Structures are given as structure tokens and as C-alpha cells.
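**Q** Structure incoming, see below.
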């Protein structure tokens, strides 16, 4: 769980590398292409977004191989013979995260003049997403006022989908230090005493050396406690993709709202341009 949580910290680094390139290209467009009407603002913002996708797929694929296999998550799929299927699904989650990150960077700079301000905004948004994604506190443990940040949060569904894909349907074996020693009441065996509890909460018993109890017998018990349900893995991927397209829509809208000349502003720019042309003559 911690490795998945730490996997997302590349967000800020990627956004900070993207912003200077975007600002340089935006300045060229607004000084040259926009006044000459070579292409319109929608083409510009679309090109900025789509040009990021191939690079993010490439980088995300490298990140997948550098993280998924060294951590050993693939081994959890071996008992169910689903190594390939779950590996592909994990790759899709990682690619979606990298694409989402780049699109979020474009969204933050789309209506802001200075890249430093956009970087600060992206860090604030990402910190809130990471804080309320269900890793530090589950949705049930959050104050009710903040529950909306848990539900309207792409990192929530990334964490749930990636954990379910990487850990589900595997047995758990406790080490000696993780076993709890149980002393059953007189007249009851260890299994008779613990059976009602295990039927509802799970776990398993070891009676080789006294009565020892492991609280988890399956990874699904842990995943259930954090709402990472394996049967919802494709739903979670779909929600992450939806957040990616929401970023596309917001980036286009905010650029149009903040930086595209409209109404009196456009007329003023035309008058200014004509005045400059007369002075040049």
C-alpha cells in the first residue's frame, strides 16, 4: 500500500518540467499564430494536450516495469493464473495516471500567466488529492465535511484499482511475530472458541504451538477494509479515464475564458493592430 502511495509523488516533478515548455509555446502562439489567424485557440490547446500522450505512454511503460515487477505484485496473480491480465490492467492504470498528470499540468497553467503560480496551484491540488485518497484515512474515518474530497478524487480510484489489481485473491501467511496467542476458555478447543469470530472477520488458526491466530487469511479481507474491491477494478479504471477527460474540458474552457480575446477586448486588439500598421507606414 505504501509503495502505491509513494508511486504518485512523481506528480509534482512531471508538472514542473511541463510548465516551462507550455509557457514558451503559448507565448509564441499568442504573439504570432493567434493574431495572424494561422490556427485558432482550440487547435492550440488540443495540440498541447495530445502531444503529451505518446511521451506519457513511453514514460509510464518504463515506470511500470521499474515498479510493478521489482515490488513483486505480479506474484499475487500466480495462484489464480491471471498474471498477464492483471499486469495489463496495472499498466493501464499507470498510463492513465501519467496522462492525467500531464493534463492536470496543462489545466493549471491554462488560465494563469506565470508558471510559478501554476506550479503552486498544482501542488496544492495534488496534496489535497493525496491526503484524502483513502490511504492515510479511509473514507469511513474522514470527517463528513471532507468526504466529498474522497469521492471526487481521481487518486482514490487509482489507489483502489491498483491495490485490488496487485493484491486481490491471494492467501496471507503471518510471520511468527504477527501471530496472536489465544487462550480459550476451559472446556472449549481453540477452533470452537474462535470459529464464530472467524466466520465474520476472517483469519486462520495455528494449533501447532498452542492456540495462535492470524487476523488475515486472504488479501481480500484487507482490501475490503479500504474499499478496494477487485470486482470494481474496471469501474475504477473508467472513472480515472473520466477524470482525464474532465481535465481536457476544463483546460480548454479556462484557456478560452481567461486568455482568448472576446467582445470589446477583441475589438480593442484590432484597433491597436490597425494603429500600429498605420504608424509603420
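The backbone N, Cα and C atoms fix where each Cβ goes, and this holds for glycine too.
Predicted automatically and left uncurated, TrEMBL annotations should be read as such.
Below are the features I grabbed from TrEMBL:
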type	residues	note
SIGNAL	1-20	signal peptide
DOMAIN	3-164	domain 'ABC-2 type transporter transmembrane'
TRANSMEM	55-76	transmembrane segment
TRANSMEM	88-112	transmembrane segment
TRANSMEM	118-136	transmembrane segment
DOMAIN	221-277	domain 'CDR ABC transporter'
TRANSMEM	237-258	transmembrane segment
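Explain the structural surroundings of these features, please.
**A** Counting residues 6+ beyond its ends, the signal peptide (1-20) has Cβ neighbours under 8 Å at 52, 63, 67, 71, 97-98, 101-102, 104-106, 108-109, 115, 118-119, 122-123, 126, 130, 133, 135, 155, 158-159, 162-163, 166, 226 in the same chain.
Remote same-chain partners of the transmembrane segment (55-76), defined as residues 6 or more beyond its termini with a Cβ less than 8 Å from a stretch Cβ, comprise 3, 7, 10, 83, 86-87, 90-91, 94-95, 97-99, 101-102, 165-170, 219.
Distant neighbours of the transmembrane segment (88-112): 8, 10-11, 14-15, 18-19, 22-23, 26, 45, 48-49, 52-53, 55-57, 59-61, 63-64, 67-68, 73, 118-119, 121-122, 125-126, 154, 158, 161-162, 165-166, 233-234, 237, 240-241, 243-244, 247-248, 250-252, 254-255, 257-259; these residues of the same chain sit at least 6 beyond its ends, with a Cβ under 8 Å from one of its Cβ atoms.
Non-local neighbours of the transmembrane segment (237-258) in the same chain are 41-42, 45-46, 49, 89, 92-93, 96-97, 99-100, 103-104, 106-107, 110-112, 154, 157-158, 161; each lies 6+ residues outside the stretch with a CB under 8 Å from one of its CB atoms.
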